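Noted in TrEMBL for the protein shown:
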| type | residues | note |
| --- | --- | --- |
| TRANSMEM | A:12-33 | transmembrane segment |
| DOMAIN | A:71-277 | domain 'ABC transmembrane type-1' |
| TRANSMEM | A:75-98 | transmembrane segment |
| TRANSMEM | A:105-125 | transmembrane segment |
| TRANSMEM | A:153-176 | transmembrane segment |
| TRANSMEM | A:204-224 | transmembrane segment |
| TRANSMEM | A:259-278 | transmembrane segment |
Amino acid sequence: MASLQRVFGKNAAYLLIGPAAIWLALFFLFPMLSLLTTSLSDPAGNPITGYDLTWRIQNYLEALGDYWPYLLRSLLYAGIATVLCLVLGYVLAYAIAFKAGRWKTVMLVLVIAPFFTSFLVRTLSWKLILADNGWLVETLKALWILPEDGRLLATPIAVVAGLTYNFLPFMILPLYTSLEKIDPKLNEAAADLYASPFQRFAKVIWPLSLPGVVGGTLLTFIPATGDYINAELLGSPNTQMVGNKIQALFTTASDYPHASALSVILMVMIVAMVLYYVRKAGTEDLL
Amino acid sequence: MTRLGRWVGKHLMITLGLLVLLYMYIPNFIVALMSFNDASQSRNLYQFQGFTWDNWLNPCDPLGMCESLRVSISIGLAATLVSTIIGTLAAFALVRHRFEGRSTMNLVLFLPMATPEIVMGSSLLALFVAAGFGGQLGFWTILIAHIMFCISFVVVTVRSRLGGLDSNLEKAAMDLYADEWQTFWRITFPLVFPGILAAALLAFSLSFDDFIITNFTSGQTVTFPMFVWGAAQRGVPMQVNVIGTLMFLVALGAVIGGEVMSRRRARGRVRAAS
C-alpha cells in the first residue's frame with residue numbers, strides 16, 4: 001500500500017475508499033433521498049410513469065393516521081422478542097465464553113451453522129412445530145397450559161417466537177465478543193471478597209458486558225421491527241406488523257407515496273430510539 | 001450449601017446454554033426430517049406422512065426451483081466478488097490511512113447495517129422507479145442491491161482482521177530489503193486473507209438468503225428465497241427441504257474442512273521451523 005502512496009501521493013486513500021463511497025452514495029444515500037421525495041409526492045400517479053413531487057405533507061398524516069396500530073405492534077413484538085433474545089442469548093454466550101473450555105470454537109461454529117439453511121425454509125418449519133394438531137399444542141393442552149380450543153399458530157405468540165428464533169444469533173455474537181474479553185480473574189477476585197454469585201454477576205460481569213448488550217439489542221431490535229416474514233408466515237391478519245403494510249402498499253396497492261411515508265416514519269422512529277438508547281447506555285463510541 | 005452452589009455454578013450455565021443451542025437446531029431437524037417426507041399422497045404438507053428417498057433422488061422435480069437456485073447462486077457469486085473487492089479496499093483505507101472525511105465514511109458504512117431491510121428495499125424501488133427503470137427490474141437491479149448491503153459487512157470483517165495485525169512484521173520485512181509490493185503480497189495479504197475469506201463467506205450467505213430487499217428489486221426474476229415464498233402460499237414442495245439440508249451440510253463441511261486445513265498447515269509450519 002505504501003507504493004500506492006508513492007505513486008498517487010495523498011490520494012491513495014481516496015482511490016481505495018472511492019468505489020465503496022460511490023456505491024453507497026448511489027445505492028444507499030441516493031435511494032433514501034428518492035424515498036423522501038416519493039413520500040412527498042402526489043399519490044395520483046403510478047409506478048410506471050412515476051409520481052409528481054408536490055410536497056404533499058398530508059401523506060405522512062394519512063399514513064400515521066391509518067397505520068399507527070401497525071407501528072405500535074411492530075415496536076411491541078420486536079421489543080418482547082429482543083428481551084427474550086437477550087435472556088436466551090446471554091445464557092448461551094456466557095456458557096461459551098466461560099464454561100465451554102476447549103469446545104469454545106466448536107460451539108461458536110454451531111451457533112452460526114443453522115443459519116446456512118435458508119431462513120424462509122426454517123421459518124416455515126415453525127409452522128409445523130406450532131401447528132394446531134402438532135405435538136407441542138397437544139402437550140400444552142394436556143398440561144392445561146393452553147385451553148381446549150387454544151392454538152399457537154396465527155397468534156401473536158407465534159410471531160414473537162419466530163422473531164426471537166430468527167434474530168437470536170445477532171444477539172449472541174456481540175454478547176460473546178464482550179464476555180470473552182472479561183478476565184475470569186475479576187470474577188475470582190470478587191468471590192475472594194465474599195461476593196455472592198448474584199452480586200458477582202450484577203457488579204462485575206453484567207457491567208463489563210454492557211457494550212455487547214447494547215450492540216446485541218440494537219442488532220436484534222432494528223431488523224425485528226422492520227420484519228414482515230414472521231408475521232406473514234406465522235401470524236394472521238390481526239398480527240400484521242408495519243413491514244407487512246409497507247410491503248403491501250408497494251407491491252399490491254402500488255401506492256408508493258404513502259408506502260414511502262410509512263418507511264420514512266419507521267426509519268425516523270428507529271434512529272430516534274437508537275440515539276436515545278445509545279446515549280442512555282453511555283456507549284457512544286459504538287457508532 | 002456452598003458445594004451445591006458451586007456445582008450449580010459449574011454445570012447449570014453450560015446445561016442451559018446447550019438447551020438454548022438445541023432450541024436453535026429444532027427447525028433444522030424438522031427440515032432434515034421433512035426432506036424424507038412422502039407427500040405424494042396427501043395435500044397436508046405440514047405433517048410427516050411416510051419415509052421416502054424420492055425427494056433426494058429427484059431434487060429438481062418442482063417446476064422452476066432449480067432454475068431459481070441457479071439465479072441465486074449466480075447473483076451470490078457476483079455480489080460476493082464485487083463487494084469483497086470494494087469492501088477490502090475500503091477496509092485498507094480506513095485502517096492504514098488518515099484522510100479527510102474518514103469519520104463520515106465510517107458513519108455511511110455503519111448506516112446500512114442499522115437500517116431495516118424494508119426501508120432499504122423500498123428506497124431502492126423508489127429510486128429505480130423515479131429513474132425510469134421501473135419496468136426493467138431483474139437480475140441487475142438485484143445484484144446492485146446485494147452488493148450495496150454486503151459492502152458494510154465485508155468492511156467490518158476485514159477491518160477487524162487488519163486492525164489486529166502486528167505492523168512490526170511489515171517493518172521487519174522492509175528491514176530485510178523487501179520492497180513495498182513484496183511486503184504487501186508476501187506478508188500483509190497472507191495475514192489478512194483469512195479475514196477476506198470470512199468476509200466473502202458472509203457476503204455470499206447474506207446475498208443467497210436475502211428475501212426482503214430482493215422482493216423489492218426483482219421484477220419477474222425469481223431467486224431461491226422468492227421461490228420458497230411463492231411456494232409457501234400453495235404448499236412448499238418437499239424438495240425445498242432437501243436444498244435446505246444440503247446447504248447446511250455443505251456450509252458445515254466447508255467450515256470444518258477449513259479449520260482442519262488451517263490446523264494441519266500450522267502443524268506443518270511448526271515442523272518446518274524445527
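Cβ from N, Cα, C; glycine included.
If you look at the transmembrane segment (A:204-224) against the transmembrane segment (A:75-98), you find at least three C-beta pairs under 8 angstroms, all six or more positions apart, and that counts as contact.
The highest tally of CB pairs under 8 A with the transmembrane segment (A:75-98), across A:12-33, A:105-125, A:153-176, A:259-278, is held by A:153-176.
Sequence-distant neighbours of the transmembrane segment (A:105-125) (same chain, 6+ residues past either end, Cβ-Cβ under 8 Å): 92, 95-96, 162, 165-166, 169, 172-173, 176, 229-230, 233-234. Away from its own ends, the transmembrane segment (A:153-176) comes close to residues 77-78, 80-82, 84-86, 88-90, 92-94, 96-97, 108, 111-112, 115, 119, 122-123, 126-127, 130-132, 209, 211-213, 215-217, 219-220, 223-224, 227, 229-231, 233-236, 239, 241 of its chain (Cβ-Cβ under 8 Å, at least six residues beyond either end).
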